[in-house]
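Q: My questions all concern the structure below.
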Amino acid sequence: MTNVVVVGAQWGDEGKGKIVDWLSEQADIVVRFQGGHNAGHTLVIDGNTYKLALLPSGVVRSSKLSIIGNGVVFDPQAFVDEVAKLKGQGVKIGPDNLRVAENVTLILPLHRELDSLRENASAATAIGTTQRGIGPAYEDKVGRRAIRLMDLADPQTLPHKVERLLTHHNALRRGHGIAEVDSGALLKDLAAIAPRVLPYADSVWNLLDHKRREGKRILFEGAQGALLDVDHGTYPYVTSSNTVAAQAATGTGMGPSALGYVLGICKSYTTRVGQGPFPTELKDEIGELIGQRGKEFGVNTGRKRRCGWFDAMLVRQTVRTSGIHGLALTKLDILDGFDTIEVCTGYRLDGKEIDHLPAGEGAQARVEPIYETIEGWKQPTANARSWADLPAQAIKYVRRIEELVGCPVALLSTSPEREDTILVQNPFEA
């Protein structure tokens with residue numbers, strides 16, 4: 001028995017929700033360890049569609065314990081709204097099966113306002129954020145001025161912490177020419193939301209440690225993708241947290257030895273939302289076709305995703321930076337019917353071949369992909385549930401990906417339905 005960490009191996013939107021839900025049946029606990037309510041994911045269970053943003057995917061299964069770890073930035077109003085929405089769909093959620101780290105950093109309205117102000121100030125400097133306050137909240141966390149969940153339970157010290165926070169933010173707001181935040185009004189809002197979120201607060205690191213010692217299976221659910229990691233991604237076009245697998249330890253308070261098997265999720269092609277380098281992007285009718293077939297629009301924002309061929313170099317890089325043991329390859333069915341399929345096997349930078357994406361923003365923009373052409377397949381892979389259901393060329397495509405990225409495929413997904421999954425190796429039994 002082992003615990004499992006799930007991370008996106010590309011730029012997010014890889015289909016983690018379905019895979020986490022598929023794995024959650026075997027887990028006792030599902031825990032989010034980074035990001036915020038910018039990480040939309042969709043679950044389709046028994047014909048019912050659930051759209052999540054902040055809550056762990058395991059929350060739709062009331063028998064599982066779902067946890068939001070300290071590495072997450074937590075919007076209390078978004079939390080309350082999402083819980084209410086799921087309850088309206090018949091999902092049983094309460095403090096008995098959902099816990100939130102008491103030391104989690106809060107996202108406040110002032111964070112969302114600052115995020116939006118920056119993003120809309122100039123198209124030239126836009127990063128492509130969701131404008132939900134994620135980055136500014138992480139800034140306050142690192143700047144040691146953040147309001148944390150447990151602060152809401154301490155009315156004696158909260159006013160001082162709010163004043164410290166507003167000393168910083170009101171200076172920024174004056175510089176931008178917008179109204180300052182009134183400390184009294186903010187304290188009133190926090191007092192109103194406190195009783196709706198504090199019942200979920202817990203010492204998560206301690207809870208998880210006890211559960212691990214009891215032999216419970218823990219599933220760590222990553223958000224976004226490793227290529228959006230603030231250190232290892234395509235900086236500055238990244239998110240504001242670490243998204244690689246190692247963050248599962250830091251973002252929950254567990255030691256690295258508790259993590260176990262690392263499963264990387266990647267599409268059979270590549271997508272990206274927002275700005276930033278994308279070596280294999282297709283700006284032609286093929287890219288449009290992939291986007292239409294794959295329904296490549298953001299769950300939270302509705303933003304159209306950029307589409308391109310599978311980039312084996314980027315996934316291989318993620319396999320190394322996240323220590324991935326096996327891949328879950330999703331949306332293979334979207335490539336059905338193509339005469340040929342291109343796979344990026346390397347890069348050319350200023351006339352020289354290189355085997356990884358350089359760290360510099362300028363170099364990333366100049367990179368040219370080197371492609372290998374693979375014969376496509378006509379027989380549909382949609383809804384396949386075993387290797388025997390797949391056409392020979394589709395199997396060859398999967399095997400070639402394994403060779404190029406240096407990692408085996410543990411799971412293969414052929415539709416949004418959780419049952420349409422081909423299991424090669426069970427991560428919990430690896």
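Cβ atoms are placed via backbone N, Cα and C, with glycine included.
Bear in mind that the values here come from a model prediction, so they are computed numbers and not experimental data.
Pulled these features from Swiss-Prot for this protein:
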- 12-18, 40-42, ARG305, 331-333, 413-415: GTP binding site (BINDING)
- ASP13, GLU14, GLY15, LYS16, ASN38, ALA39, GLY40, HIS41, THR130, ARG144, GLN224, THR239, ARG303: IMP binding site (BINDING)
- ASP13, GLY40: Mg(2+) binding site (BINDING)
- ASP13: active site, proton acceptor (ACT_SITE)
- HIS41: active site, proton donor (ACT_SITE)
- VAL299, ASN300, THR301, GLY302, ARG303, LYS304, ARG305: substrate binding site (BINDING)
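Could you place these features in context, so I can see how deep they sit and what lies close by?
A: DSSP assigns LEU332 (GTP binding site) to a helix.
DSSP gives HIS41 (active site, proton donor) a strand state.
Classification of ASP13 (IMP binding site) by DSSP places it in coil, neither helical nor stranded.
Sequence-distant neighbours of ASP13 (IMP binding site) (same chain, six or more apart, CB under 8 Å from its CB) are GLY225, LYS267, THR271, VAL273, GLU296, GLY298, ARG305, listed in sequence order.
Cβ neighbour count for HIS41 (active site, proton donor): 25 (other Cβ atoms within 10 Å of its Cβ, all protein chains included).
The number of other CB atoms found within 10 A of the CB of ARG305 (substrate binding site), across every protein chain shown, is 19.
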Q: For GLY12, GLY15, GLY40, GLY302, listed as binding-site residues, tell me which one has the smallest number of other Cβ atoms within 10 Å.
A: GLY302
Q: Quick check for the class: what is the C-alpha distance, in angstrom and rounded, between GLY12 (GTP binding site) and HIS41 (active site, proton donor)?
A: 10
Q: For the C-alpha pair, I'd like the distance in angstrom between LYS18 (GTP binding site) and ARG303 (IMP binding site), rounded off.
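A: With the alpha carbons as reference points, the distance is 20 Å.
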Q: Looking at the binding-site residues ASN38, THR130, GLN224, ARG303, whose Cα is closest in space to that of GLY15 (GTP binding site)?
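A: So, of the listed binding-site residues, the one sitting closest to GLY15 (GTP binding site) is GLN224.
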Q: Which has the fewest other Cβ atoms within 10 Å: ASN38, THR42, THR414, the binding-site residues listed?
A: THR42
